[in-house]
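J.: Quick one: the structure is below, and I'll ask about it shortly.
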Amino acid sequence: MAGFTDLREKLKSMTPHRDKVFEYSNGEKRKYRESDDDESEYEERRDAEARRVKSGIKQASIFTLEECARIEAKIDEVVAKADKGLYREHTVDRAPLRNKYFFGEGYTYGAQLEKRGPGQERLYSKGEVDDIPDWVHELVIDRLVTHGVIPEGFVNSAVINDYQPGGCIVSHVDPIHIFERPIVSVSFFSDSALCFGCKFLFKPIRVSEPVLHLPVRRGSVTVLSGYAADDITHCIRPQDIKERRAVIILRKTRADAPRLDSNSLSPSIVSPKRRHILKAKRSHRKADPDAAHRPRVLEMDKELQRRSLSSRQRRHDDGSSENSWRRADDREPAARYTHDHAPTRRVKMRRH
């Protein structure tokens with residue numbers, strides 16, 4: 001990590017020759033374009049997919065600068081309340097350089113369940129997250145209804161994503177079995193971009209060229225449906241978050257969306273006592289946009305070093321070395337392993 005102060009710098013240094021590798025949306029790879037015909041075919045396929053993505057996107061500039069400032073002040077109030085521990089347990093989800101605040105409905109990511117992967121996401125039980133604040137209805141949702149963006153009564157889930165410079169969210173599709181379409185988002189604090197069809201990889205961290213790079217301006221509304229919502233992933237790249245940025249995501253949950261039962265939770269996050277302790281510690285952490293991502297990147301570097309070790313060294317590992325690096329977005333670090341559930345494994349944690 002020496003010499004790097006931001007994920008964006010590490011990305012740039014790790015992919016100086018990325019033009020030599022091209023990826024199609026169906027996952028096949030071709031190294032080096034062998035002829036003009038190959039290049040033409042590649043461009044045609046990329047352009048065709050970009051047109052399909054665009055067909056499912058609508059954007060509008062609805063909020064004035066004054067309205068943005070008022071809403072941004074309310075977002076700051078949400079952050080302050082979360083830092084004081086005033087929200088319910090599952091309302092707040094923290095990750096390096098990105099915090100999420102769930103209102104109305106909250107849901108687990110696949111990695112928080114014993115059975116992991118796409119399609120395993122579940123809504124929390126009713127009442128597990130705080131209600132949608134009145135100001136979200138009055139300042140945001142009602143304005144979108146007035147402009148015909150969404151019908152009245154559509155939204156029952158509001159999520160605020162608060163990014164610091166260099167923050168990101170990996171490529172994903174909003175769970176189809178959880179949320180109706182469209183997916184509506186409103187951007188605040190600064191301009192950014194939404195990218196479609198990226199291969200977002202770690203170890204080392206790198207992001208491929210997107211099928212479509214969609215600028216999103218402060219105060220703009222973005223609506224995803226059809227191909228853009230269901231048939232291609234979208235992400236926020238570290239290099240596209242140059243200043244603090246927040247987005248309010250407004251969705252409607254499906255009537256038949258599955259909900260959690262206690263048996264579905266990973267053992268490491270079941271204990272109410274343990275969750276209470278984590279909440280108290282978490283609420284007093286100070287945001288440090290220059291440092292919060294450093295353990296994440298250092299662990300990636302350590303993983304590369306560990307892979308170079310001989311099999312003999314791995315066989316004689318006494319279990320006291322650090323565990324393989326896990327994606328920081330999967331879950332809170334202190335909740336990944338506990339002495340109660342994994343007494344023979346130990347993780348060295350860094351505090352800020």
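The backbone N, Cα and C atoms fix where each Cβ goes, glycine too.
The compositional bias 'Basic and acidic residues' annotation in Swiss-Prot covers 18-34, 286-306, 315-343. Marked as region 'Disordered' by Swiss-Prot: 18-47, 260-352. The active site annotation in Swiss-Prot covers Y107 and is backed by similarity to another entry. According to Swiss-Prot, the 2-oxoglutarate binding site annotation covers N161, Y163, H172, H234, R245, on the basis of experimental evidence. As annotated by Swiss-Prot, Fe cation binding site applies to H172, D174, H234, with the evidence given as a curator's inference. Annotation source Swiss-Prot lists disulfide bond at C198-C235. Among the features that Swiss-Prot reports, compositional bias 'Basic residues' is placed at 272-285.
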J.: Helix, strand or coil at R245 (2-oxoglutarate binding site), per DSSP?
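T.: SS state of R245 (2-oxoglutarate binding site) = strand.
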J.: Using the alpha carbons only, what distance in Å do you get between C235 (disulfide bond) and H172 (2-oxoglutarate binding site) once rounded?
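T.: Distance between the two Cα atoms comes out at 7 Å.
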J.: Would you kindly give the Cα-Cα distance separating C198 (disulfide bond) and H234 (2-oxoglutarate binding site), rounded to the nearest Å?
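T.: H234 (2-oxoglutarate binding site) and C198 (disulfide bond) have their Cα atoms 7 Å apart.
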J.: Would you please pick out, from the disulfide-bonded residues C198, C235, the one with the fewest other Cβ atoms within 10 Å of its Cβ?
T.: C235
J.: Per the record, 2-oxoglutarate is bound by N161, Y163, H172, H234, R245: how many Å separate the farthest pair of Cα atoms?
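T.: Of all Cα pairs among the recorded 2-oxoglutarate binders, the widest measures 19 Å.
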J.: Give me the sequence-ordered set of same-chain residues, not including H172, D174, H234, with a C-beta within 8 angstroms of the centroid of the Fe cation site's C-beta atoms.
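T.: Near the Fe cation site, beyond H172, D174, H234, sit S171, V173, I183, A229, T233, C235.
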J.: Using Y107 (active site) as the reference point, find which of the recorded positions Y163, H172, D174, C198 has the shortest Cα-to-Cα distance to it.
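T.: Looking at Cα distances from Y107 (active site), the smallest one goes to D174.
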J.: Any idea which of the binding-site residues H172, H234, R245 has the thinnest Cβ neighbourhood at 10 Å?
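T.: Least crowded of the binding-site residues H172, H234, R245, by Cβ count within 10 Å, is H172.
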J.: Given the recorded positions Y107, N161, which one has the fewest other C-beta atoms within 10 angstroms of its C-beta?
T.: N161
J.: CB neighbours of Y163 (2-oxoglutarate binding site) within 10 A?
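T.: Cβ-Cβ neighbours of Y163 (2-oxoglutarate binding site) within 10 Å number 24.
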